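Read the structure below first, then the notes.
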Ligand SMILES: Nc1ncnc2c1ncn2[C@@H]1O[C@H](COP(=O)(O)OP(=O)(O)OP(=O)(O)O)[C@@H](O)[C@H]1O
Ligand SMILES: [Mg+2]
C-alpha cells in the first residue's frame, strides 16, 4: 500500500468535520435543537482532530486528547438520544448509562493513565451507540413518520453513528492489543479504519444537516 | 504477533470482522429505509382511499339535502299552496253569504291572511328550490337574490361578474348559488353591514366567488371554538360544498372592517368527470 495514501486518509479524516460544520453554521437558524448539538459536537471534534494532528506532527503523544473527545462525544450524543427517544424509560436509561459510562471512563483513566489508548471507553461507547442507533431505527419503524426517511435528518445522523461505531468496534476493542503487539507499519494501516469510517460518518452528518428543515 | 504471517492473519481476521459489522450496519439501515418507504406508500394509499370515500359521503349528503329541499318545495307548493288557494276561494264566497258588517270585516282579514301566507309559501318554496337557477343559470339566480336583498332596503348590494358562466355543470352552479346565498345571509344576519358586494370571476378553468361586507368581521378560529350547540351550520355547509368540489374557501378580514370570503375552484378537474 502506498504510504502517502494512508497519510492522505488520516489528514482528510482530521478535517472531515469542516464540511458538516460549515453547513451547520450556514443553516444554524433553521436547525433543530438536536442538530445544534450535533454542530457543537462537530466543532469540538474538528478542534481535537486538528490538535491531534498537530501534536502528532510535533511528535507529542496525542492519546490524551482521545479521552477528552470520547467523554465529550458520549455526553453530546447521549443528549441527542435523550431528546429523540420517545419513551420515558429510554430517556431515563440514557442518563443512567451516561453515568455508568463516566464510571468506566474514570476507572480506565485511573488504571491506564492518560497516555494510554482509551480502549475501554471507546469500546463501551461503540457498543452503547450501536444499540441506541438500533433502538432508534426501531422507533422509526414503529412510529408513523409522515414523510420519507431521505428527508429525515435524524435518520441520517443515526446512520452515521451506526456505521462509525459498528465499524470501529473491533478496532477499538483490539486497540490496546494492536498498539502492544502489532508492528508499527501494521499499526499505521489499522489506524486508517476509524479514519475512513470517520469520513463516512461526517459525510452522513453532512447529509443530515443538508436535508434538515424547520419543523412546522 | 511479530511474525509476518501472523500479522497477515490478524489483518485478515480484523478486516473480515470489521467488514462484517459494517455489512450488518448497512443492511440494517437499508432495511429500515425500504421498510419505512413501503409503510409510507401503504398509508398514503389508505389515506387517498379514505378521502375519496369521504368525498363521496359528502356528495351523497349534499345530494340528499338538495333532494329533500326539492321535495319540500314541491310539496309546499302543490299541497299547501293548492289548499290555500281553495281556502281563499271559499273565503271569498263566504263573503257573499255573510249578512252582517262584522262578519264581512273578519272575512276580509282572513282573506288578507291567506294571501300573505300564499305569498310566504311561494317565497319559501322558491328559496328552497330556486327555479331561476335551473332555467336561466347562475348569473340570473344571483341577480334575483341581489334584487330581493336590495328591495328590503337594509343594505346597499352590488353584484359584478366577468367571464363565461353558461356552461357550468348544474352541481357547480347549485353549489355556487348556495354558497353565495349563505354568505350574503350571514352578512345580513351577523355583520350589521352597510354594504355587500358579490364578485364572480372566471378565467378559463379558474373560478372565483367573492363576497365582501363592511360589517363587524369575525375570526374562523373563534367560530371553531364555539360548542356545537351554539354553532350554526351555514359555514359548515359551505365548507362541505367547497371541499366536495375540491375547492378552497378563505375568510379574510376586510380593511378597514368587515369580511371578505373567497371561494376558489379549479374547474379542470371537474370536466373529465
Ligand atoms: N359576514 C359575517 N360577519 C360577521 N360575522 C359572521 C359573518 N359570517 C359569519 N359570521 C359569524 O360566524 C358564525 C357562524 O356562521 P354560520 O353561518 O355557520 O352560522 P349561523 O349563520 O349563525 O347559523 P345558520 O347559518 O346555521 O343559520 C355566525 O354566528 C357569526 O357569528
Ligand atoms: Mg349562517
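Here the Cβ of each residue, glycine as well, is placed from N, Cα and C on the backbone.
Annotation source TrEMBL lists transmembrane segment at A:6-26 (among others).
Taken from TrEMBL, the feature transmembrane segment applies to A:38-57 (among others). Here the transmembrane segment (A:38-57) has Cβ contacts under 8 Å with residues 10-11, 13-15, 17-18, 20-21, 24-25, 28, 31, 65-66, 68-69, 72-73, 76-77, 80, 157, 202, 205, 208-209 of the same chain, all six or more residues outside its ends.
For A:63-82 (among others), the entry in TrEMBL reads transmembrane segment. Through the fold, the transmembrane segment (A:63-82) approaches residues 34, 37-38, 40-41, 44-45, 48, 51-52, 55, 90-91, 94-95, 97-98, 101-102, 105, 109, 114-118, 121-122, 125, 128-129, 132, 136, 157, 161 of its own chain, all at least 6 residues removed from its boundaries and within a Cβ separation under 8 Å.
Within its own chain, the transmembrane segment (A:94-111) is flanked in space by residues 67, 70-71, 74-75, 78, 81-82, 85, 118-121, 124-125, 128, 132, which lie at least six positions past its ends and keep a Cβ under 8 Å from the stretch. Annotation source TrEMBL lists transmembrane segment at A:94-111 (among others).
With a threshold of 8 Å between CB atoms, the same-chain residues lying at least 6 positions outside the transmembrane segment (A:123-141) that come near it are 70, 73-74, 77, 81, 84-87, 90, 94, 97, 101, 104, 149, 152, 154-155, 158-159, 161-162, 165-166, 168-169, 172-173. Taken from TrEMBL, the feature transmembrane segment covers A:123-141 (among others).
Residues annotated as transmembrane segment in TrEMBL: A:153-179 (among others). Residues 32, 34-35, 38, 77, 80, 84, 116-117, 119, 122-123, 125-127, 129-130, 132-134, 136-137, 140, 186-187, 190, 193-194, 197-198, 200-205, 207-209, 211-212 of the same chain, all 6+ positions outside the transmembrane segment (A:153-179), place their C-beta atoms under 8 angstroms from a C-beta of that stretch.
Annotation comment: TrEMBL describes A:191-211 (among others) as transmembrane segment.
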